């Protein structure tokens, strides 16, 4: 029994074109449209699964909607003399009305219920003229003047926004000034307390020193007197000794 014709509309219908350079990932987009009044389950398969990344590679397309499938070709060394043999197949099946498990739908689907479409892959390198045109376009875009987006805003809205911002900034400045003044006063008080503490320490250090100096002076005076008395007694003793002899 022949298979059912594909109900999905593919764009492009027969060939996926990948345009280099192929030193980085190159993406081609495949659009799957569902013009029917039934939900359709789909799968995307390839003959070179290691060379491509497909997102999404399966899913459900609601009735009257479409899905864009991104087919990403991985970087490789391109040989213009080598013809691509890679192919893709889009497989689909009508979703049952009471469907709860998509994997179960694929397992239970009969061969005559499955629909498929095949696509070739083509690799192209950009021409030199296209490269020059692209570079000129990029240069023109970069050199074009950029209009400020604020000019498109209504004047009343921009002015009210500016006034609100200015008010916030003014209040913030006042708060910072008060904070700076408070810190200055605290710093001044700390300096005064520090100076008073230093003076107290100096007076406490100098007081014991002066009292000890006075005590030492008294001791030195007493020693001098004692020495003088000893010398005086010695002289008197010598004189008395001579008189006795």
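If you go along the chain as it appears here, the first residue is 1 and each next one adds 1.
For all residues, glycine too, the Cβ spot is worked out from N, Cα and C.
The structure displayed is predicted, hence computed values, not measured ones.
Counting residue by residue with DSSP, the domain 'MSP' (7-124) contains 10 helix, 57 strand, 51 coil. Among the features that TrEMBL reports, domain 'MSP' is placed at 7-124.
The region 'Disordered' annotation in TrEMBL covers 132-165 (among others).
The compositional bias 'Low complexity' annotation in TrEMBL covers 150-161 (among others).
Feature annotation from TrEMBL assigns region 'Disordered' to 184-216 (among others).
With a threshold of 8 Å between CB atoms, no same-chain residue lying at least 6 positions outside the compositional bias 'Basic and acidic residues' (184-196) comes near it. The compositional bias 'Basic and acidic residues' feature in TrEMBL is assigned to 184-196.
Among the features that TrEMBL reports, compositional bias 'Low complexity' is placed at 203-213 (among others).
Residues or ranges marked as transmembrane segment in TrEMBL: 226-244.
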Within the compositional bias 'Basic and acidic residues' (184-196), residues counted as helix, strand or coil by DSSP: 13 helix, 0 strand, 0 coil
Mean pLDDT over the domain 'MSP' (7-124): what is the value? 94
